[in-house]
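Trainee: Here it is: the structure, laid out below.
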Amino acid sequence: MITLTNLSKIFRTELIETHALRDINLQVNEGEFAALTGPSGSGKSTLLNILGTLENFDAGDYLLDGISVKGLSDAALSKLRNEKIGFIFQSFNLIKDFSIYDNIELPLRYRGLKASERKQRIEHALELVGLHARRDYLPGQLSGGQQQRVAIARAIAGQPRILLADEPTGNLDSLMARQVMELLEQINQQGCTILMVTHDPDQARRAGRHIQIIDGQLSDAVLYDPLAAQSA
Amino acid sequence: MEQFIYYLKVSFVSIKRAPLPYALTIFILSVGLGIFFANATFYYQLNSDPLPHKSSKLFFPMMLLAPYECTDCKPPAVLSYSNIEKLSQSDIPSAKTAMYSADGYLRKNAEQTPMPVNIRITQRDFFSMFDVPLLHGSVWPDNSARLEIILSKATAEKLFGRTDAVGEKLLLDDRHLTVTAVLDDWQMLPRLYDANNRNHLSPADDIYLPLETGYDMNYLSNTQSQTFDDTDYRKLSTQGRTGALNQLQYWVQLDTPTAQQAYKQFMANLAQDEKVAGRHPSEPNNQLVAMRNIVNYFGGESSDIKAFALVTLLFLLVCLFNASHLSLNRYLGNQYEFSLRRALGASRGQLQLQMLADVLLMAVFTIAGALLTGYAGIKLMNHLLPRNSLFSSWDLPLLLSLLAVAFICSYLVTLYPSLRASFGTLNQQLKE
């Protein structure tokens, strides 16, 4: 589903060049739940942003469903993001003066769906995250965990093929973090591929696959085996 | 449509988020545009062509036929009666009229208090040449003297309380005259047939009297008269037709370039004949000025309005710059939302549609503010420059142009900031 071949990313300033990612080769199959870990500044968020087409890369190739995203127009990239990718951000990124319903509706608006279909999808997503009763609330009236569940509802309402989560529990306490993880697992079980950046080893362990980045390169832990980890 | 209503809703939410900077942006734009509107109104009206379909065919002939030696002299702007007689001999023009204006007092009968009136003393072609509309009656059949007058609609209503006054008797400075026609509402703006001495800014005349009758009744010109010999200008009825008393403006209608060329040749021949006859010793200097250029020829352009135009244009630019700056701050404050929308699948095109909704809202508020400011500005200018007050009305083309300017300004104020906001680096803004 996702194929990265010799993918590199360099951040340039007037004085220095920083190789954020070097020769990344990675294959993610449909339905996988992969955790992306690594020290701060290792390039995991950069990789996630490239996978979400929020950022360009300098070399190599990125195939999504067999199609190279390199050279796609802004409109094509927007369509791809809208239809195939769902985002969950650490800081939720909800629009504070829009209701929960309106926030979840955002990606559906840009897909040009009819009002009735949008409503059906939003209600289904709200049911899934258990916030149906709070559809008219503003984000500020919800707890952090609830806001992240709204963000998850927004991400899944578009029925994406891939969910990209950048430290989705980073701002939550342990109880809320567990609830969010359970929700993500539930979504993954329904067939959605998930790539999640996390610093939490427990969460990484709960994912079916562990991808580790150090200094912009995939480390040996790419071949992380959950069974081996359990026996150890 | 539903999506555009959504864009409008998003715009409203964005305004509610920071109402003060938005109101300030609207205020600055409204003031800049309002003052520009006020000045543009005068500039447009003063420079408009009152007869666009025929102004290129109407000409003002002038000849240097003064009985004295003169080098580098411009021909006088007014001609003598005998000059007009000679010029009128040509049948090249399809219409021609001589005229001047005078003051008088008009009343229905001897018991009534006379009211002051401005009299246009002219010939029959005046009405057809300048498209003067008649409401009742008919124009004089020829240019001979007759004790008949034509009233403006306002004068008829003032005197009789009605417009149909044809056949009524009036006293003009205690001489009996019969009303032969009443004009419909008519105000040529600017009044280019009388551009000399900046009279093109004046309102239309109250009554119209045949030229020959005006001479017979010894009506002296109230604008400009020049005497080049010992003619007593006060004895117009006895000496005015023969002496070198110049007080007549003359207009001809020349329908084709060929006719214009032929008339120029006619004027040249006339000047030559006059010189040979010894009636003017100077070198011929003829002018045939098109109606469109007549104000410019007489140097009657409103320099105050021109100066205001420049100042208000510069002021508008300053306001645009300031409003753009405020708008940029507002958009950069919302950049996070732009990036979020893009991350969730909005294309730049869709964001530009959002921007169009922003422009539309801003244009509506700005237009309302600018029209109010413009109206107040016009009132103020009418107070400061009452001579220009006839030129302060808004017609449809002007109003549409002003609305277009307001929309373009709103677009400019929104365009750059929104482009800046929509071209940012997505991931960075989402993290901030």
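Cβ atoms here come from the backbone N, Cα and C positions, even for glycine.
OK, TrEMBL features for this one:
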TRANSMEM  B:20-44  transmembrane segment
DOMAIN    B:23-263  domain 'MacB-like periplasmic core'
TRANSMEM  B:307-332  transmembrane segment
DOMAIN    B:309-422  domain 'ABC3 transporter permease C-terminal'
TRANSMEM  B:353-378  transmembrane segment
TRANSMEM  B:398-419  transmembrane segment
Trainee: For the transmembrane segment (B:398-419), what are the same-chain contacts with Cβ under 8 Å, counting residues 6+ beyond its ends?
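Mentor: Same-chain residues near the transmembrane segment (B:398-419) but 6 or more away: 25, 29, 32-33, 36-37, 40-41, 44-45, 316, 320, 323-324, 327-328, 330-332, 338, 351-352, 354-355, 358-359, 362-363, 366-367, 370-371, 374.
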Trainee: Would you list the DSSP helix, strand and coil counts for the residues of the domain 'ABC3 transporter permease C-terminal' (B:309-422)?
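Mentor: Going by DSSP assignments, the domain 'ABC3 transporter permease C-terminal' (B:309-422) contains 104 helix, 0 strand, 10 coil.
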Trainee: Take the transmembrane segment (B:353-378) and find every residue of the same chain, 6 or more past its ends, with a Cβ under 8 Å from one of its Cβ atoms.
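Mentor: Those are 3-4, 7-8, 10-12, 14-15, 25-27, 29-31, 33-39, 41-42, 341, 346, 392, 402-403, 406-407, 409-411, 413-415, 418, 422, in sequence order.
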Trainee: Are there residues at least six beyond either end of the transmembrane segment (B:307-332) with Cβ under 8 Å to its Cβ atoms? List them, or say none.
Mentor: 14, 18, 21-22, 24-25, 28-29, 31-33, 35-36, 38-40, 42-43, 338, 409, 412-414, 416-418, 420-421
Trainee: Where does the mean pLDDT land for the domain 'MacB-like periplasmic core' (B:23-263)?
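Mentor: Summing pLDDT over the domain 'MacB-like periplasmic core' (B:23-263) and dividing by its length gives 90.
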